[in-house]
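See structure below.
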Amino acid sequence: MRGSVIGSGSFGTALANVLAVNCEEVRLWGRESSVVEAINTQHENPTYLKGIPISERVRATNDLQEALVGSELVVLATPSHATREVVAKAQAYLPRHVPIVTVSKGIENGTLLTMTELLEDCLPEEFHPYLAVLSGPSFAKELARRMPTVVTIASHWDKVALRCQKALQTETFRSYTSTDVVGVQYGGALKNVIAIAAGMADGLGMGHNARAAIITRGLAEITRLAVRKGANPLTLSGLSGMGDLVLTCTGELSRNRHVGMELGKGRKLPDILADMKEVAEGVKTARSAHELELKTGVELPICHQVYLIAHEGKSARTAVVDLMTRQPKSELAGV
């Protein structure tokens, strides 16, 4: 079996390592020539996964055609804001009747499309039944080090999810299938916004009680919006919902939590982002969440405050006060 991964950041590289267990060859596409060369000559990605060995079955390339032709499984691991551009360039080389799995956790600014909706918008209908999404609590460094990781793979067509599950199953990587493409994607995207809020609380020194409240009430607003968009509420209590949310709000490797912590300490967002090698998806997703709140009328108070802090310059401490002094409600309001 031959697999392809588009995107040579930390998560794309880690998934290429997973695929290499069951594939004779994995082609990994990346923009950065230095990363491609290092993977091919040193079997390491020193830019994004320094010190972690990459399987010799993984072959990196800057050429999309070389990466895709003849593949039996395609993983799209580009940042959400770059997915449309990359897919437009890759379309001519995408194999037919092969699962295409997106692992990007975002909602496109402006269009408010999830990643599978974006792919449906970009690709001819013949590709649509083969689209899938992989999401769940999965830090790239732990995945690459073959530490136990469990995720959800969702597709409208169960046979596609099962094909992906089989290709990715290893002794240290397990997946569960789902047909709730909507719930899996909203859980994966919006938890990044909530993680920024949790990080801000930590940066402000507000304690464990505050963090637990943000996680719990964050899950409530993610669920409200996801259900409005057609999700099964039970999906949000699973790996791609609560599981990913807890990890991203508490883990030391969380980029979104890091952004929040630095904002809580008073740093400016452009300075924080300038110091980061990889994308914190929650920053852009906060804008999409704000637009979705206005469009749907679903209350997203935590996401709203993150948007105001990240994009309108509001003080993190003032945002906490505003959240705490909102009108009292039933815990199940809006459910």
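Using the three backbone atoms N, Cα and C, a Cβ is placed for every residue, glycine included.
These figures come from a predicted structure and were not determined experimentally.
Per Swiss-Prot, the features are:
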- Ser10, Phe11, Arg31, Lys105, Ala140, Arg255, Val279, Glu281: NADPH binding site (BINDING)
- Lys105, Gly136, Ser138, Lys191, Asp244, Ser254, Arg255, Asn256: sn-glycerol 3-phosphate binding site (BINDING)
- Lys191: active site, proton acceptor (ACT_SITE)
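Listed in sequence order, the residues of the same chain lying 6 or more apart from Ser10 (NADPH binding site) and placing their CB within less than 8 Å of its CB are Asn45, Tyr48, Leu49, Ala140, Lys141, Ala144, Glu278. In sequence order, the binding-site residues near Val279 (NADPH binding site) (Cα within 10 Å of its Cα) are Asn256, drawn from Lys191, Ser254, Asn256. Put simply, Ser138 is the one of the binding-site residues Gly136, Ser138, Lys191, Asp244, Ser254 whose Cα lies nearest to the Cα of Phe11 (NADPH binding site).
Here the Cα atom of Lys105 (NADPH binding site) is found 12 Å from that of Asn256 (sn-glycerol 3-phosphate binding site). Listed binding-site residues: Ala140, Val279; maximum Cβ neighbour count within 10 Å falls on Ala140.
In this structure the C-alpha atoms belonging to Arg255 (NADPH binding site) and Asp244 (sn-glycerol 3-phosphate binding site) are separated by 13 Å. When the binding-site residues Arg31, Lys105, Lys191 are compared by the number of other CB atoms within 10 angstroms of each CB, Arg31 has the fewest. In the three-state DSSP scheme, Lys191 (sn-glycerol 3-phosphate binding site) falls into the helix class. Around the Cβ of Asn256 (sn-glycerol 3-phosphate binding site), 28 further Cβ atoms fall within 10 Å across all displayed protein chains. There are 27 other CB atoms within 10 A of the CB of Phe11 (NADPH binding site), with all protein chains counted. Under the DSSP three-state reduction, Arg31 (NADPH binding site) is assigned to coil, being neither helix nor strand. For the recorded site, Glu281 (NADPH binding site), the DSSP three-state label reads helix. Neighbours of Arg255 (NADPH binding site), defined as other CB atoms within 10 A of its CB across all chains, total 24.
Around Ser138 (sn-glycerol 3-phosphate binding site), a 10 Å sphere centred on its CB holds 22 further CB atoms from the protein chains shown.
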